[in-house]
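K.L.:
Have a look at the structure that comes next, please.
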Amino acid sequence: MEDFVIEFMFFLEVLFSGLLTGTLYSLVALGFVLIFKASGVFNFAQGAMMLFAALSLVGFQEMLGVHWTVAFLLTVVVMILLAWCVEKFVLGKLVNQEPIILFMATIGITFFLDGFGQTLWGSDIKPLDIGLPTGSLDFGGIFVDQLELVAGATAGGLVLGLAIFFNKTKIGRALRAVADDHQAAMSVGISLRNIWIIVWSVAGLVGLVAGIMWGSKLGVQFSLSLLALKALPVLMLGGFTSIPGAIIGGLIIGAGEKLAEIYLGPFVGGAIENWFAYMLAMVFLLFRPQGLFGEKIIERV
Amino acid sequence: MSAPSNPLLKVNNIEVIYDHVILVLKGVSLEVEKGSIVSILGANGAGKTTTLKAISNLLRSERGEVTKGSIEYNGADITAKSPADLVMDGVVQVMEGRHCFEHLTVEENLLTGAYTRKGGRSVVNAELEKVYHYFPRLKERRNSQAGYVSGGEQQMVAVGRALMAKPSLILLDEPSMGLAPQLVEEIFEIVRRLNVETGVSFLVAEQNATIALKYAHYGYILENGRVVMDGDATDLANNEDVKEFYLGLGGDGRKSFRDVKHYRRRKRWLA
């Protein structure tokens, strides 16, 4: 009996840790969803944007010696500027091209941002410290990482804010309209350029928040850019067009890979945390290709 | 209708080229007088849609370009204006195939139509009530997803959405497409009511010449990117050539194949 209780507590601890890591994946996935929803573009550069935002934040802090809130605001400006540049110099030139061409363009943006960010701010691993709490809290025997708790709360807040933005505001409605039908949106007087700038800015902001969380956890380094790959299975589970889907998908992936590592790992030699998420995503693709919450493709016959 | 001196819309001899190579319109001119319903008739590929898109400037997003001629609206040149600016000026296109925002509700679709309106919620709500007045069926279905309502209702959403921008000219592309004859009649009936009661002008592109000429004041016939005939709707409806080629009314019963070939020749000559 005693054993069972300890075992169960351990299970809960692993589960919570996994769920909270999952919210960090969700934060990355959110950026993808935003841009995909509004422009039908799969933005491969989301990870690079996250890295670039985190680098800029740390850079501003170091260079100007200002409080992190000031650096945060400066970075927000930088991300909006970046969104404007992306529209002006890349996407604006590719209106009405095939999705695959737009996708290739975002790969280009990825390489540019990775290189440009490191040229500008240096390629050393830098600590990111904005005073987020570290260490664990003890909830009656279950230890929970404080940073992950903050990340979870932040992700929740972001989702709530975005849900209100998309469903209750005029701009949000216009964003959904553009996602459904570019041409029809233009025909009612919605300017695609402005919409794209807005949505890339919002995605940049989400990237910044994700970058702060991951940067606090791992330090700001090039590998942040690769986290985008971890967001892919999250998207396949949650659906590319659903904001709640990104969150739930992140939670499932996060908890799934931690639990699998602990309880299935020993049978197959361990280290399955790295590929479990992708396998789960593949299974999902077979049975529910639009993801858990993806928009149904409405087909009239 | 004598040559109007100060038309709402004036298209002067425009030429449209897609992708820098495909010449679609070869000098189209037409006019829409304030408060009238004008229809553009023609077969598939005659250039009806292209003409409307040239006016609303949705052409550019399809890699089309007006290379010659000009388009005037209220006396000002609008050839290079962006679609968004044109909507604000009062020119709104209802595209062929309805193009509703499928995942938005009917009401959200309508509200999106008011994107360019200034003046806050009260103005938009008043406009919404007006649209519901003309399309009571949309009020019943206001909370349904637009992708799941019937084709006729989608066409109503598309027209209602355009109305939300408070336009003075609606470019209506093929409203009859894929709809039952009774519904087509219903839609055109509403177009006429809107025209009479709110004074909004319509430029309607339509394959169904019978119904278009029934409701329009004036008509243009397009063939291969050229206007081949124009005139008052009643004159066109009574014209022998139009009857034969567009209204499907031969003079005397079925014709032999030899005669059909003869008509083809005449048609070509006409073009």
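Keep in mind that glycine also has a Cβ here, set from the backbone N, Cα and C atoms.
Predicted, not measured: the structure shown is a model, and the values here were computed from it.
Quick paste from TrEMBL:
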| type | residues | note |
| --- | --- | --- |
| TRANSMEM | A:14-34 | transmembrane segment |
| TRANSMEM | A:41-60 | transmembrane segment |
| TRANSMEM | A:66-87 | transmembrane segment |
| TRANSMEM | A:99-121 | transmembrane segment |
| TRANSMEM | A:141-166 | transmembrane segment |
| TRANSMEM | A:195-214 | transmembrane segment |
| TRANSMEM | A:234-255 | transmembrane segment |
| TRANSMEM | A:262-287 | transmembrane segment |
K.L.:
Please determine whether the transmembrane segment (A:195-214) and the transmembrane segment (A:99-121) are in contact (criterion: at least three Cβ-Cβ distances under 8 Å, sequence separation 6 or more).
P.N.:
no
K.L.:
Sequence-remote contacts (6 or more beyond its ends) of the transmembrane segment (A:41-60), Cβ cut-off under 8 Å?
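P.N.:
Hits for the transmembrane segment (A:41-60): 28, 31-32, 35, 66, 68, 70-72, 74-75, 78-79, 82, 91, 99, 102-103, 106-107, 109-111, 113-114, 116-118, 120-122, 126, 128, 203-204, 207-208, 210-212, 214-215, 220, 222, 224-229, 231, 240.
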K.L.:
Among A:66-87, A:99-121, A:141-166, which stretch has the most Cβ pairs under 8 Å to the transmembrane segment (A:14-34)?
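P.N.:
That would be A:141-166.
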